[in-house]
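Visitor: To start, I am sharing the structure in question, which I have written as structure tokens.
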Amino acid sequence: MTTFSKTPLLDTIKTPEDLRRLKVEQVRQVADELRQETIDAVSVTGGHFGAGLGVVELTTAIHYVFDTPRDRLIWDVGHQAYPHKILTGRRDRIRTLRTGGGLSGFTKRAESDYDPFGAAHSSTSISAGLGMAVARDLSGGKNNVIAVIGDGAMSAGMAYEAMNNAGAMNSRLIVILNDNDMSIAPPVGAMSAYLSRLYSGKTYRTLRDAAKQLGQHLPKVIANRASRVEEYSRGFMMDGGTLFEELGFYYVGPIDGHNLDHLLPVLKNVRDMETGPILVHVVTQKGKGYSPAEAAADKYHAVAKFDIATGTQAKAKPNAPAYQNVFGQSLVKEAEKDEKIVGITAAMPSGTGIDIFAKAFPKRTFDVGIAEQHAVTFAAGLAAEGYKPFCAIYSTFLQRGYDQIVHDVCIQSLPVRFAIDRAGLVGADGATHAGSFDNAYLGCLPNMVIMAASDEAELVHMVATQVAIDDRPSSVRYPRGEGRGVEMPEVGVALPIGKGRMIRQGKQVALLSFGTRLAECEKAADELAAHGLSASIADARFMKPLDEELVLKLARDHEILITIEEGSIGGFGSHVMQYLADQGMLDGGLKMRSMVLPDEFQDHDTPAAMYARAGLDAKGIVRKVFEVLGKDYAAEAVKLA
């Protein structure tokens, strides 16, 4: 029986050069097949879904009109880049998305020449694009630079900083605003499409430039009035572009991002413009072409594997509550007793558990958008007025507000409470989203209390501890995913500041854990016991202030002391070693080792596989103990077998 391909035209396209050989009448079919291929692929792998479906036509049109990769195409964030990957020589690997050794879920320079700039954090595309445009001009090049940015990413100040700079420099840069939340655009239609083609066309631009040159020779009053007439007439017919025009961009739009008859001529006109920065405002719909995603854009922003026919996602039943949910629920319980508690998120309410708090206390919840710098200083302002702000931000995104943490929070010792989600390795999102550095970048700051939860019950108590800390900033870090399934306390109880806890008492080896590697320490201790080695286990709880009494006791009572953490060099282990060195404890016979993440950016995989490669699982800990003892782990394992 003969089988027919569902994507016959797409099958002929290996690179955008193949796409550009097609007749314009065939582009619509390519887009339809590209959408089907995207749906099929993500149903197998999971990943970011809705945004990619929303830019299928735009992606096809850009690669059809522009000479990529000579023309530089930069995708902001990269959530929407799956169709782009399919068209740019990576279709044969698209079903390896976000898996070990497979394609990245974001754009990545090392992966393809069609990814000239990597992304995963938002609002960077215009800055990068401007840098590339200036480099082109300095080198005498003629290629285009296109930055595609979503309206959500336009909530970050960096995007406007870049646009302001681009407008002042008058560099030839094309910014495509992908407005998929209707947060900026008025209704689009035939008149808007016609005007966009008119205003992006060479005739209008030539007349406009000629009028500007004429205006330079007219009396100032007349020239100013003529300029205002042109501006007002464009504003009257094309509502929405005034802000961008004020920043120095030539505004075109809004146009229907799913109508290729509108997109193609406008992009061709824009491609052929020779001066100045241009913003093309394109309106799209998240999840376009897949009805479940169209109906529930929030649920299909990022998905697990799913059944195409029903849209049902294959999510495993959790064995324990997710850490972000434990945080959200704990914060609600504390806020029921304290009306000064408020919750802050930077556009990640469900990811951080702040959505749970928002349902209970909508007026005490603040989603500031993709604006981590603002979120931190906003929290500082609330703290200065006696409120108790909980600023819940992923570890990787908190990096974006670092100066504010130093200058606005720590120097003033304001009691902002940082809930640092996604601490440690996060798996499929890879290096760009790993929470590897907060131990190091917060640990060097005076006045900061730093905690790490070893399990979900500890997180409940640490939230209560943060409520009680009212004279300085504090942070608690916890990972992505489920807890351990431990018994949960009814209420959180504030912990003694700077005090850890002993989990197991042994003799020869001390394992001092900071964070959720405690479970691996317990497994390692069991294996060491099978080899005849007695191991103590301690949960540090606090990195700052350090439990000096506990650290000294472990150092004095054991031959080997090993610290274990889910962070980079310069973190918890460095603090322990610094203290022991100051106390002269490293001058004698103590064998001290610090187990941290490797000093490299790890590619995406499952968290378990990534931690195993880093040597931060139970086997890695046991191997480290044998290494310190001068024994071969493999040989010892054979003896035990």
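Glycine is treated like the rest: Cβ placed from N, Cα and C.
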Visitor: For the thiamine diphosphate site that Swiss-Prot gives with His79, Ala120, His121, Ser122, Gly152, Ala153, Tyr290, Glu372, which of Asn165, Asn170, Asn180, Asn269 also belongs there?
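Guide: Record check against Swiss-Prot: thiamine diphosphate site with His79, Ala120, His121, Ser122, Gly152, Ala153, Tyr290, Glu372, extra candidate from Asn165, Asn170, Asn180, Asn269 is Asn180.
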Visitor: Out of His79, His121, which of the binding-site residues is least crowded by other Cβ atoms within 10 Å?
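Guide: With the binding-site residues His79, His121, fewest surrounding Cβ atoms within 10 Å: His121.
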Visitor: Please report the distance from the Cα of Glu372 (thiamine diphosphate binding site) to the Cα of Asp151 (Mg(2+) binding site), rounded to the nearest angstrom.
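Guide: So the Cα of Asp151 (Mg(2+) binding site) lies 17 Å away from that of Glu372 (thiamine diphosphate binding site).
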Visitor: Given the binding-site residues His79, His121, Asn180, which one's Cα is the least distant from that of Asp151 (Mg(2+) binding site)?
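Guide: So, of the listed binding-site residues, the one sitting closest to Asp151 (Mg(2+) binding site) is Asn180.
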Visitor: Given the binding-site residues Asp151, Glu372, which one's Cβ is surrounded by the fewest other Cβ atoms within 10 Å?
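Guide: Output over binding-site residues Asp151, Glu372: least Cβ neighbours within 10 Å is Asp151.
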Visitor: Might you list, by sequence position, any residue in that chain lying six or more from Asn180 (thiamine diphosphate binding site) with a Cβ less than 8 Å away from its Cβ?
Guide: Ala51, Gly54, Gly150, Asp151, Val283, Thr284, Gln285, Lys286
Visitor: Just counting, how many other CB atoms are there within 10 A of the CB of Gly152 (thiamine diphosphate binding site)?
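Guide: By my count, 21.
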Visitor: When you look at His79, Ala120, His121, Ser122, Gly152, Ala153, Asn180, Tyr290, Glu372, which the record names as binding thiamine diphosphate, what is the longest CA to CA distance in angstrom?
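Guide: Taking every pair of listed residues, the largest Cα separation comes to 33 Å.
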